[in-house]
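TrEMBL has this to say about the protein:
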type: DOMAIN; residues: A:71-529; note: domain 'Amidase'
type: ACT_SITE; residues: A:LYS127; note: active site, charge relay system
type: BINDING; residues: A:LEU176, A:SER202, A:ILE223, A:GLY224, A:GLY225, A:SER226; note: substrate binding site
type: ACT_SITE; residues: A:SER202; note: active site, charge relay system
type: ACT_SITE; residues: A:SER226; note: active site, acyl-ester intermediate
There are 2 protein chains.
Amino acid sequence: MAWESIAADKRSRILQSIPQEWLIGSKPQDISVMNYPEKSGIMSKDELAITNSSATELVAQLSSGQQRAFDVTLAFCKQAALAHQLLNCCLEIFPEMALAQAKELDAYFEKYQKPVGPLHGLPISLKDQLRVKGLETSMGYVAWIGKYDEEDSVLTKLLRKAGAVFYVKTSVPQSLMVCETVNNVIGRTVNPWNRNWSCGGSSGGEGALVGFRGSIIGVGTDIGGSIRVPAAFNFLYGLKPSHGRLPYAKMANSMGGQETVHSVCGPICHSVQDMKLFVTSVLSNEPWKYDSKVVPLPWRQSEEDTIKAKINSSGLRIGYYNFDGNVLPHPPILRGIQTVVSALREHGHTVIDWTPYKHDHAVNLIDRIFASDGGQDIFSVLQESGEPAIANIQDLVNPSLSKVDMNELWDVQLQKWKWQCEYLEQWNQREEEAGGEIDAFIAPISPTAAIRHNQFKYYGYASAINLLDWTSVVVPVTFADRNIDPKVVDYQPVNALDGIVQAEYDPEAYHGAPVAIQVVGRRLIEERIMTIAQEIGRLLGH
Amino acid sequence: MAWESIAADKRSRILQSIPQEWLIGSKPQDISVMNYPEKSGIMSKDELAITNSSATELVAQLSSGQQRAFDVTLAFCKQAALAHQLLNCCLEIFPEMALAQAKELDAYFEKYQKPVGPLHGLPISLKDQLRVKGLETSMGYVAWIGKYDEEDSVLTKLLRKAGAVFYVKTSVPQSLMVCETVNNVIGRTVNPWNRNWSCGGSSGGEGALVGFRGSIIGVGTDIGGSIRVPAAFNFLYGLKPSHGRLPYAKMANSMGGQETVHSVCGPICHSVQDMKLFVTSVLSNEPWKYDSKVVPLPWRQSEEDTIKAKINSSGLRIGYYNFDGNVLPHPPILRGIQTVVSALREHGHTVIDWTPYKHDHAVNLIDRIFASDGGQDIFSVLQESGEPAIANIQDLVNPSLSKVDMNELWDVQLQKWKWQCEYLEQWNQREEEAGGEIDAFIAPISPTAAIRHNQFKYYGYASAINLLDWTSVVVPVTFADRNIDPKVVDYQPVNALDGIVQAEYDPEAYHGAPVAIQVVGRRLIEERIMTIAQEIGRLLGH
């Protein structure tokens, strides 16, 4: 069958999986669809109350019998169905399976009067890399359509064990190696705040869906910004843990087996409280017993407590930068950073300058790593079905690109390690100068607020942190505002890309676009960085 | 200069670094030199008391002013000088620098009446991969002679900070990829128990030196048995931690940047108590702040306590195997395993059969990884000086060997991960069958006791554990005995290598050779596995 027919069939199967009564009769023309559920006529008041809750509230109700898993699942199935019709964000929609799973959980609760686990009855959306037994994981590749999974991914399995309900799998860009979400199977996913904007990527389906509250917690993955950029573009929190904190085993992936920089998985959600619910629920099931890459590190409450105590006594000591030396962020992002810096200072925390250390070198290294097989992995999957490369990766998918040779790879890996160690030395020196511990630094996650389609150019703010393998949490801060974020006049770019990115800024086009920052700390200290992110959110009044 | 002259000059510089009065007049002809220090006339009674102490005793004395760092250092410098003359085990001998360092520590103690750190004044020997500012790190390569280090390795630095004194760097095989110790710089290092036997490798200089008590704790590295085999062959304890527990940054290495299977560093010593002293001293200096690959995991006393409590209540549950399906160990090793199994059972512990899972597959994978650059890394270093390959690696060092291509590497890395996860599943299943937690398994570390030179053929018992990246501690058990370890009659080998290894067994030649086992547990649980190793040692009466 021609690839176009396979894709068309898949598209129609996705739509057919939505019950008739959840279909939108006449589609709204608004660019923002954030308030569509309320006026849809499809969601009941109770259902809206559910989708507008926090995950923490919901599991409290579910675990005490005040709420049934069936009702919660139904509400999210409906809102996700609306999301898909408006934003084109799902690759799998399976309310029947979800409601059956919810009924089982309700039966369990009725029988034992206790929840099966800390996520009892909570719907969680999954990026279409996570396998769910019985479903497809196409990952937006035509060639992978029609292959049904015989086993859950490890994370799916542990979430299921914790009581989570699965109901949708969300869209990704072809290859995953892009921060916008478009593929040949369902096309482009758009931003619920403004459909002319990108939802980010590669976990863009999650970003759009969670932003729209078609999901309360979504699972994404990140090798160069793929959790953090969608979180930022949809005004959400996102956690990119260090490699080895959360289980990735048995998921589908692009460039599988590439271990120089690891893709990691983590939640996209509306609060750090919900983020903690997710992380602690997974860790309580000892993922290191199922995935060899996971470090045996339970949730360390003492690490969270240390930061909380510091917040309430001496205050935090936080570094910050707003320019990595490669590409200057747009005015709304610079203002976002300044907003956080001011909020921290006003509340007695210490904020110090942080000089990013050789980020240009880091970005070059990671780019070489991503292209180290000359695109063969991606190209061979495209070739299998005959589908073309999406515009965003056309350069990458060229079988004549030369591969990195084994000794070159080893050299790159040595350079990576050296740079990482030098960065640690920078940190140590900065602490010495500051006369005490530095708890984190804050930085841009993308040089732009939620961007117009096909304009995303520079991944370096995100990918340098991946090369460090440090913990990062995205915190939503504010919205671009044409009245206070004017275009810089006579900007002198430091390089061509810097000029291109800066020129793209248009106060009108960006007006209202979500602005976020990332909070970054050393490796495997998720407890600390999440707690700092929570404090920043609190100071910002979220 | 011809490589022969460079090597000869280096050899003579090593000898010249030994003071006249420590030179052995007429060398003993005995095959065993274990009791030579006592009869040498070079070591005083006090010095012998020092070198026969444990590290734990010595630091207790040093930290309380009962012993001077100078005296302890002098004793070990002298005994190491004897070791080198008898066993040919050192690539660097620097008593002057060591004694100066010791004097500084004594001055510090005199002034402040307290130790600088937990290893105050304790001499520690270093495999010649660790850099010490001001010295060479030739690693047995002629091409690297004459290059002086401008910086300590991270581990050197942290040991120094803890108060350790450095006095020798020990020999390694050319390339490090061999379990016997021979190079073109100083030739072959031999076993102090019997100089016709190998001291093991690649940390063979450490094995011989610590076995001879020319060192109390030596630092080795292990990517396929290189700590554990020398520990086993010299009747010592050895720790191969998981990758990321102890810092490796800024050390010299072979095939540097190869990250598919990581080389790790760890101590070779006389007891688990001393091993713990080493590990806790390093961890107390937070190595993760200096080496990006180190996991932020302090010594977890609770993990040690859990095992101790279990030992004193329900008892441990330990798996065991004595045959990996590839190469059957010699009779002394099989008896060694049985000795440990019996001792455990007699003392109320539960011992269950453990079926090694696809070790043939694992050994094939790791062999592909080790040869993935077609030997280019090693070959290019040899070419630089013109020295020839040692016999043991001649096959590996062939520039016409084909390299593994990037996508093949990714496939190998996926296979590794899959196998690791399957092994975890095996463990989980075994626990389910056993009705409770399994604490570790015991297994051979080499199919033979300390082997005659040039006979070492099969690394699989060691390297399969490296591919898992699991924690392993070698425990010395007994000695080969011609009277109770007869050759197997009519052995039917399962493959050619199995036949060759079994045929090599000769009860006469092996009589008296150290026999050891390894205690293995999952990733990053050094506290648990060390405590179990200690209990096994206790049961064996060490």
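Quick reminder: no glycine exception, Cβ is built from N, Cα and C everywhere.
Keep in mind that TrEMBL annotations are predicted by a computer and have not been checked by a curator.
Note: the substrate site is recorded as A:LEU176, A:SER202, A:ILE223, A:GLY224, A:GLY225, A:SER226; in the same chain, A:MET177, A:VAL178, A:CYS179, A:GLY201, A:SER203, A:THR221, A:ASP222, A:ILE227, A:VAL229, A:SER263, A:ALA462 also have Cβ atoms within 8 Å of that site's Cβ centroid. When the recorded positions A:LYS127, A:LEU176, A:GLY224, A:GLY225, A:SER226 are scored by other C-beta atoms within 10 Å, A:SER226 scores highest.
Less than 8 angstroms from the CB of A:ILE223 (substrate binding site) sit A:LEU176, A:MET177, A:VAL261, A:HIS262, A:SER263, A:VAL264, A:PHE370, A:ASN466, each of them six or more residues away in the same chain. In three-state terms derived from DSSP, A:LYS127 (active site, charge relay system) belongs to an extended strand segment.
With a cut-off of 8 Å between CB atoms and residues at least 6 apart in sequence, the same chain places A:LYS127, A:VAL172, A:PRO173, A:LEU176, A:MET177, A:VAL178, A:CYS179, A:THR181, A:GLY220, A:THR221, A:SER226, A:PRO230 near A:SER202 (substrate binding site), listed in sequence order. In the three-state DSSP reading, A:SER226 (substrate binding site) counts as coil. According to DSSP, A:LEU176 (substrate binding site) is assigned to coil rather than to any helix or strand. Across the residues annotated as binding substrate (A:LEU176, A:SER202, A:ILE223, A:GLY224, A:GLY225, A:SER226), the widest Cα-Cα separation comes to 11 Å.
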